[in-house]
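The next block holds one structure in the form of structure tokens; read it before the comments.
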Amino acid sequence: MLRTMLQGKLHRVKVTQADLHYEGSCAIDQDFMDAAGILENEAIDIYNVDNGERFSTYAICAERGSGIISVNGAAARRAAVGDRLIICSYVQIPDSDARSHKPNIAYFEGDNEMKRIAKAVPVQVA
């Protein structure tokens, strides 16, 4: 049996561009993609923290070091410049490997400043 597990996550990145007329996708600073292990053309899910929208698209590379998060095409109607997003990719792995699997998680603050990288989501406490 295969399980679908979180592979990579960009937590609370800020949208820098939203271009309705650009070919669909989400352009992501290459440094951010590397930190989360997200590949060019990989399917991603986007969760908009500010308006609750959830949608799927694919990742394309933005210039390394640019801080760009650009939501393009029809998805530009679901995110505005300044919105905070969570961007995730997933992987299917055998059940036997699922419990030892560690995702790549990059945390952001301010104007897309990467603050830390982790291999697990913290345990939620009461």
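Even glycines carry a Cβ here, placed using N, Cα and C.
Features as listed in Swiss-Prot:
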- SER25: active site, schiff-base intermediate with substrate (ACT_SITE)
- SER25: pyruvic acid (Ser) (MOD_RES)
- THR57, GLY73, ALA74, ALA75: substrate binding site (BINDING)
- TYR58: active site, proton donor (ACT_SITE)
Largest separation between Cα atoms (Å) of residues that the record links to substrate, namely THR57, GLY73, ALA74, ALA75: 10
Lowest local Cβ density among ALA74, ALA75, which the record lists as binding-site residues, within 10 Å: ALA74
Intrachain C-beta neighbours of SER25 (active site, schiff-base intermediate with substrate), sequence separation six or more, cut-off 8 angstroms: THR57, TYR58, ALA59, ILE60, ASN72, GLY73, ALA75
Among THR57, TYR58, GLY73, the most crowded of the recorded positions [Cβ within 10 Å]: THR57
Beyond the site residues THR57, GLY73, ALA74, ALA75: chain residues whose C-beta lies within 8 Å of the centroid, for substrate: GLY24, SER25, CYS26, PHE55, VAL71, ASN72, ALA76, ARG77, ARG78
